[in-house]
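> Supplied in structure tokens, the structure appears directly below.
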Amino acid sequence: MSAWLLPAGGFPGAGFCIPAWQSRSSLSRVLRWPGPGLPGLLLLLLLPSPSAFSAVFKVGVLGPWACDPIFARARPDLAARLATDRLNRDLALDGGPWFEVTLLPEPCLTPGSLGAVSSALTRVSGLVGPVNPAACRPAELLAQEAGVALVPWGCPGTRAAGTTAPAVTPAADALYVLLKAFRWARVALITAPQDLWVEAGRALSTALRARGLPVALVTSMVPSDLSGAREALRRIRDGPRVRVVIMVMHSVLLGGEEQRYLLEAAEELGLTDGSLVFLPFDTLHYALSPGPEALAAFVNSSKLRRAHDAVLTLTRRCPPGGSVQDSLRRAQEHQELPLDLDLKQVSPLFGTIYDAVFLLAGGVTRARAAVGGGWVSGASVARQMREAQVFGFCGILGRTEEPSFVLLDTDAAGERLFTTHLLDPVLGSLRSAGTPVHFPRGAPAPGPDPSCWFDPDVICNGGVEPGLVFVGFLLVIVVGLTGAFLAHYLRHRLLHMQMVSGPNKIILTLEDVTFLHPQGGSSRKVAQGSRSSLATRSTSDIRSVPSQPQESTNIGLYEGDWVWLKKFPGEHHMAIRPATKMAFSKLRELRHENVALYLGLFLAGTADSPATPGEGILAVVSEHCARGSLHDLLAQRDIKLDWMFKSSLLLDLIKGMRYLHHRGVAHGRLKSRNCVVDGRFVLKVTDHGHGRLLEAQRVLPEPPSAEDQLWTAPELLRDPALERRGTLAGDVFSLGIIMQEVVCRSTPYAMLELTPEEVIQRVRSPPPLCRPLVSMDQAPMECIQLMAQCWAEHPELRPSMDLTFDLFKGINKGRKTNIIDSMLRMLEQYSSNLEDLIRERTEELEQEKQKTDRLLTQMLPPSVAEALKMGTSVEPEYFEEVTLYFSDIVGFTTISAMSEPIEVVDLLNDLYTLFDAIIGSHDVYKVETIGDAYMVASGLPQRNGQRHAAEIANMSLDILSAVGSFRMRHMPEVPVRIRIGLHSGPCVAGVVGLTMPRYCLFGDTVNTASRMESTGLPYRIHVNMSTVRILRALDQGFQMECRGRTELKGKGVEDTYWLVGRVGFNKPIPKPPDLQPGASNHGISLQEIPPERRKKLEKARPGQFTGK
């Protein structure tokens, strides 16, 4: 009789599945028949297997057994078989189904894992798995649809629902209880790069965030080696601060290489000093036993042992004496496991798989019992599993009062694991086991985070306690009110201190200001003098005087900047009154581009009497503008002012006055002399508020002259008191007069041909109205109309400064009146000439450069010259074989004695010019000339193989032929004879010296060539054997005669030759003179010297008529 296979949806009815006489109870009675007799044994052998009489419940165990060797070490086949064998032998399950197990492989890649789940659910009645968290939620839905009980032991955040019943408490719940107990809210996750661990990290971070914890970072180790670990830890170190790092990967205690690399990298980066706690994730799925056996991976690595001191291990709890290894040992002793199985190589995950299968079976049994043995659904099985209490591999599964997790830590030596705390995720409690946690280096636990992160009823804003926020808010209010009071007090106090001391003080003395005055000349007084430009004085006319100020100057230096001093009337000022200080402080705060900056009040003694109490000079110190006043600028006729230039100046003036009027300051003394221009041609208003300062200081102003009142409004002329204070409308009138000055470039009212006194009288007492006359061609019509509005008789008819600003801007149709643009337009007419001039100068420079290059290449080889021009060093160069030429004029000493110095220079210049023309047609390099000696080389600086000997030989023949017809200009009857010496060999060439560098040759070849010349004869080419060999090898028809044995100084006796010609050489060669026996080859005979020259020679060298 065959067994019935239960469908995936549950069990059929008892009557259909298990007949009464075939139940497990009857089978048990049959198996318990007494007597060991042979009939009984035969009957036992003939009985069918129990599964033949029971319904079969197939359990699928899904996991990455084929693609992950560490998961494979859990031996899921043996674990599931051991569980089903014990279930099938359990008499307490009498009448229940027969359990069979199927091991199902789960791919390590997420897409394959989903496919494996879908396939498994069609083949089994209950499924243990999957392990990949990405497949957990789809597995729950598919299992619910298929009615299959699901035990997903690898999903960190899965809750019991529907047909799903986790074998143990979800990892996220256990972790949350631990983090809450220590108040570690800020965590980071590092995952292995495999899909399974990446998805586990995502699922765990989602579960922790759902519980309100701020997961700062989830990162992977890519690559999965030491470098990837360092990079992942650097991201955590450089990111938001965290307390805990959860390592989502195989534990190093089970051989996980990624976690080994991670801990070693943390030790290298100094992150295992107690500032971070490292929590392994995979130990939450199995029971890791305390003791020294668990740390076998650290035996040969002290570095890893030190790093693991920062690790806290949260794992499932086994009762004392009931660890996974103890249970494996007992099962092997009872022959339930193969005897050859190495238990040390079995992963603790063995017990987790065993428990999942066992728990599933307990749920099936309770579900069938609840319905009387009939059909049950997957949801019923899952519900019974959640309420079941069965004996697992190392303890009781299901509802129990004992804590299900323990917290393990290493001792100080890192030699064993010990239990520090017991954790109950159901009650959310963590109680001490008697041994405290040992943090690295004896440090305390990482600082706790705010408790609001763990309170679901409180919104935690960045980890700040609400109470602290409220207290902080009150503190801010109190501090704000106190600060406002202190600020008000300190402002007045600092203002007073700034007036008398500090870098921003406004009371200046002789120690602060250095004055300048002309030497021996006169200048205008401080108060009445016009503002002259400092640029008009030469540096030889000014000097620094670190003493009392002279009355003849109003320019000084303050903190390195030029300043201008405006003197108060009088010279006996006792002190600066407080009202003056306050008034000046307000004026000093005025900051605008078109308003001169006030720097301080100067108080010192006079020039004649030292500074004494009650006597001194008081002046306003303001910034100095280099181009002087507007009055001075208009008077300089060499400065051309077009309309754009004028409108730019006027617009600056209007903007400055507009700023002052917005601040409630009436100038009262506005005139072109109180408008200054800086180096950028920006106009600035100065002397503003001067009347206020005089009034505050209680100083009576000096009566103004008629010339100073030309800018004053008529209503102010009629009221002196009002004139001293000034009005806004009066400033508008003064502005109109300044506009007339700028437009006409003349003094006020200049076109009326009246004296200042007459003008003031007519303006003060109309009618008729006395106003300037401006021609229509001097300015736009709008500008003339604006001037007329500004100098209206009635103040209320004059426009405000704001309206004046708008009207003046409309004159230029909105175009910007920038002086720089105006100056650029003025310079455009010179641009073409400037370009032509630059081009001409560039061509001249290029020509001079070419001349310099030609001169340099005449003095040095081109390659050497280029190197020197580029600034690079010229290294000495060795040449294996070159040919050198030396020549000398026979009797040059005698010729020099018979000639004037200028005649000797002409002789050498003519001769060497001839030589230079000849060497230009040969591949040779002229090395140098020393007196009458001429040195040429071939084969350097450019190598030419062995042609150097032929080039020098041909050149020597050409030179000898040319010398035969050469005559001196001052002694044409005296022949010029030369001796020539040739030699070939190696040498070194290089540039010698820094001043007038020369390209020089060094080596024995140079000496030998010189000896060949000195031992030669007139009109002869003396050739060494080394050159002869090369010429013969070239076979170009050179004709040579053997001279015989010749003694060379320093070289001994050698065979030498005369070069007498070459086949095809048709130029005449002079005949060598016949030498008398004993005669020298270095002189000129007496008969060849003209009589008149001979007398000169006899006087110069008495008794000698030949010589060199």
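Yeah, the Cβs are placed from backbone N, Cα and C, and that goes for glycine too.
The shown structure was predicted, so the numbers you read here are calculated from the model rather than taken from an experiment.
So Swiss-Prot lists these for the protein:
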- 55-465: topological domain 'Extracellular' (TOPO_DOM)
- Cys108-Cys136: disulfide bond (DISULFID)
- Asn300: N-linked glycosylation site (CARBOHYD)
- 491-1108: topological domain 'Cytoplasmic' (TOPO_DOM)
- 520-552: region 'Disordered' (REGION)
- 520-811: domain 'Protein kinase' (DOMAIN)
- 529-552: compositional bias 'Polar residues' (COMPBIAS)
- 883-1013: domain 'Guanylate cyclase' (DOMAIN)
- 1069-1108: region 'Disordered' (REGION)
> Should Cys136 (disulfide bond) be counted as helix, strand, or coil on the basis of DSSP?
helix
> Please report the distance from the Cα of Cys108 (disulfide bond) to the Cα of the residue listed as 'N-linked glycosylation site', rounded to the nearest angstrom.
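Cys108 (disulfide bond) to the residue listed as 'N-linked glycosylation site', Cα-Cα distance: 31 Å.
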> Within 10 Å of the Cβ of Cys136 (disulfide bond), how many other Cβ atoms are there?
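Summing over all protein chains shown, Cys136 (disulfide bond) has 25 other Cβ atoms within 10 Å.
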> Between the Cα atoms of Asn300 (N-linked glycosylation site) and Cys136 (disulfide bond), find the distance and write it as a whole number of Å.
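Cα of Asn300 (N-linked glycosylation site) to Cα of Cys136 (disulfide bond) measures 39 Å after rounding.
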> Taking the Cβ of the residue listed as 'N-linked glycosylation site' as the centre, how many other Cβ atoms fall within a 10 Å radius?
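Neighbour count, Cβ to Cβ under the 10 Å cut-off: 8.
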> Tell me the Cβ neighbour count for Cys108 (disulfide bond), meaning other Cβ atoms within 10 Å of its Cβ, over all protein chains shown.
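Counting Cβ neighbours of Cys108 (disulfide bond) within 10 Å gives 18.
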> Determine how many residues of the domain 'Guanylate cyclase' (883-1013) DSSP places in helix, in strand and in coil.
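Residue counts for the domain 'Guanylate cyclase' (883-1013) by secondary structure: 53 helix, 41 strand, 37 coil.
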> Tell me, roughly as an integer, the mean pLDDT over the domain 'Protein kinase' (520-811).
82
